[in-house]
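Colleague: One structure, pasted below without further comment.
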Amino acid sequence: MTITTRGRLAIAEIVYYAPALVLAVIVMLRHGFRRQLGWIYLAILALVRIIGSSMQIASEQDPSNTGLITTAAILSSVGLSPLLLAMAGLLKRVDDSLPSSHRLPGRTFTLLHIPTLVALILAITGGSEESSSPTSNNGGRKFMKIAIIIFLVVYVIQSALTFLTLFKLRHVPQGERKLVYAVTGSIPFLAVRLLYSLIGAFESPTKLTFNTVVGNVFVQAFMAVLEEFVIVAMYLAAGLLVAKLSNPRDGAGAGPETSEASSTSSAAGDEERDVRDNVKMGQQGAYVTVNGNEERYVAQPTQTPAHQQQGTTYQPGYQQQRPY
């Protein structure tokens with residue numbers, strides 16, 4: 001069984017992404033499966049890379065099977081979208097932890113998801129068509145060009161939002177700052193990964209150095225695969241280090257340090273309800289049960305101005321009388 005250099009690269013991806021998938025699932029179980037938290041996209045990327053690399057190895061053993069080649073090419077085109085979606089998810093969580101006066105508009109990250117998903121569809125379509133004839137200037141390359149331009153725009157916007165978050169870092173809870181550092185550190189690596197796809201989409205069809213199907217394997221390894229490894233490692237490390245949200249239902253909320261205050265507030269509310277439940281209103285006033293003894297409190301009338309008086313009003317204060 002002969003394994004080419006591209007096949008060895010595929011093996012390296014399987015070796016890396018197999019444990020990465022396990023870690024991504026652990027992080028998701030720890031923080032919840034809500035998509036806006038970002039880590040679910042790392043699990044999707046790991047799964048895509050494992051399947052795609054397996055198809056690449058299988059296609060080398062059966063070169064006549066065009067289905068394997070096409071599947072491997074399509075899956076290799078899926079890389080930027082999960083990384084950008086994961087980046088947006090982590091930024092969303094950090095933004096939700098900020099005081100309301102410092103947060104971005106509520107639908108900012110939702111709107112960023114839409115063009116990313118559109119670009120993903122275009123990239124898959126382009127990768128499918130290009131795999132059939134990578135050296136021809138067909139419609140697949142046009143789809144790839146449109147997709148990479150959309151990815152570039154989303155990357156620029158999300159990078160700008162990251163730097164904006166850095167300016168507001170003192171308002172970010174201490175524990176959530178790890179996410180800001182991880183996203184900030186991933187920006188240059190994501191730029192190199194984006195540059196690889198950008199050159200590949202616009203280079204001459206007769207050259208194809210940056211093509212994931214027939215291009216230079218070493219260029220792909222150092223400008224695409226390695227960058228993905230680093231970004232995934234950063235995001236997973238942040239997911240393992242950052243504390244679990246105190247209120248997952250609300251998104252990121254205000255961070256884990258608010259749980260004690262929330263618990264105290266809840267306890268105070270329960271105590272208030274317990275006191276209120278022990279109050280019985282009667283014709284002569286209110287009866288309050290305290291430690292099993294009933295004490296009566298008679299409301300004190302107070303006079304209102306003549307132009308407002310329509311009857312007797314009562315103030316909240318009560319004069320205590322002993323039980324009959």
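Including glycine, each Cβ sits where the backbone N, Cα and C put it.
Here's the feature list from TrEMBL:
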COMPBIAS  257-268  compositional bias 'Low complexity'
COMPBIAS  299-324  compositional bias 'Low complexity'
DOMAIN    3-243  domain 'DUF7702'
REGION    251-324  region 'Disordered'
TRANSMEM  14-32  transmembrane segment
TRANSMEM  39-57  transmembrane segment
TRANSMEM  69-88  transmembrane segment
TRANSMEM  109-126  transmembrane segment
TRANSMEM  146-167  transmembrane segment
TRANSMEM  179-199  transmembrane segment
TRANSMEM  219-243  transmembrane segment
Colleague: Does the transmembrane segment (14-32) reach the transmembrane segment (109-126) with at least 3 CB pairs under 8 A, where each pair is 6 or more residues apart?
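Modeller: Stretch pair does not touch.
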Colleague: Using Cβ distances below 8 Å and needing 3 or more such pairs, separated by at least 6 in sequence, tell me whether the transmembrane segment (146-167) contacts the transmembrane segment (39-57).
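Modeller: Answer no: the transmembrane segment (146-167) and the transmembrane segment (39-57) share fewer than 3 Cβ pairs below 8 Å.
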Colleague: Within this structure, do the transmembrane segment (69-88) and the transmembrane segment (179-199) have 3 or more Cβ pairs under 8 angstroms, counting pairs 6 or more apart in sequence?
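Modeller: Contact between the transmembrane segment (179-199) and the transmembrane segment (69-88): present.
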